[in-house]
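Q: My questions will all concern the structure given below.
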């Protein structure tokens with residue numbers, strides 16, 4: 001069993017999933033605000049600027065464009081089917097979770113920490129078109145975890161070397177108070193679930209996975 005398969009199997013266990021989402025609910029009620037207030041006082045955006053660079057690794061546009069161009073490159077410029085399949089697979093691993101994430105952001109409309117610090121707004125405001133109300137789930141977390149889960153599927157021997165650093169990067173969203181803790185935890189789980197279901201679907205179709213994984 002690969003690292004991703006083990007993680008997916010564990011976290012989709014009904015009891016584990018219930019505990020996980022139960023903790024997210026508890027975090028929303030009890031932990032999110034105290035943690036955000038404490039980190040806001042630390043002002044890590046200015047006192048630890050390296051975090052500002054690390055958090056940029058979660059910007060989706062880099063991967064949307066990059067893997068799309070790689071797919072075209074290995075198809076038309078330097079034809080190599082195996083690498084073309086890898087590029088398209090990773091592109092889908094970022095695009096699919098990101099699309100679902102955007103839908104949830106707009107639908108749920110959770111106020112970001114910045115709105116609490118400025119206007120004392122906290123919670124869900126539903127169907128919001130403005131980015132300050134797009135805190136849940138975290139988009140950067142969705143992007144980076146979609147990527148590392150995809151990489152762990154393609155290169156299973158190095159799965160943990162992708163997943164662990166990926167999760168550490170997602171924590172910068174909390175440390176820099178761009179998101180609450182529950183935003184990041186929910187986004188990571190949803191990305192795992194979406195990539196896992198995508199992976200299962202591809203296996204059933206006998207398409208792509210056999211051609212990409214080592």
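First residue shown is number 1, and so on along the chain.
Placed from the backbone N, Cα and C atoms, the Cβ positions cover glycine too.
Pulled the feature table from TrEMBL, pasting it below:
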type	residues	note
DOMAIN	86-199	domain 'Phosphatidic acid phosphatase type 2/haloperoxidase'
TRANSMEM	12-33	transmembrane segment
TRANSMEM	53-76	transmembrane segment
TRANSMEM	88-111	transmembrane segment
TRANSMEM	131-151	transmembrane segment
TRANSMEM	158-178	transmembrane segment
TRANSMEM	184-202	transmembrane segment
Q: If I count Cβ-Cβ pairs under 8 A between the transmembrane segment (88-111) and each of 12-33, 53-76, 131-151, which range comes out on top?
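A: By the under-8 Å Cβ criterion, the transmembrane segment (88-111) pairs most with 131-151.
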Q: Considering only Cβ pairs under 8 Å, which range in 12-33, 53-76, 158-178, 184-202 makes the most contacts with the transmembrane segment (131-151)?
A: 184-202
Q: Pull the DSSP breakdown for the domain 'Phosphatidic acid phosphatase type 2/haloperoxidase' (86-199) and write it out as helix, strand, coil residue counts.
A: 88 helix, 2 strand, 24 coil
Q: Go through the chain and flag residues at least 6 beyond the ends of the transmembrane segment (158-178) whose CB is under 8 A from any CB in it; none is fine as an answer.
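A: Apart from its flanks, the transmembrane segment (158-178) reaches 2-4, 7, 35-36, 39-40, 44-45, 48, 51-52, 54-55, 57-58, 112-114, 117, 138, 140-141, 144-145, 147-149, 151-152, 184, 187-188.
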Q: So what pLDDT does the domain 'Phosphatidic acid phosphatase type 2/haloperoxidase' (86-199) average out to?
A: 97
Q: Using a Cβ-Cβ cut-off of under 8 Å, list the residues of the same chain that are 6+ residues beyond the ends of the transmembrane segment (53-76) and lie near it.
A: 83-84, 87-88, 90-91, 94-95, 98, 139-144, 147, 169-170, 172-173, 176, 178
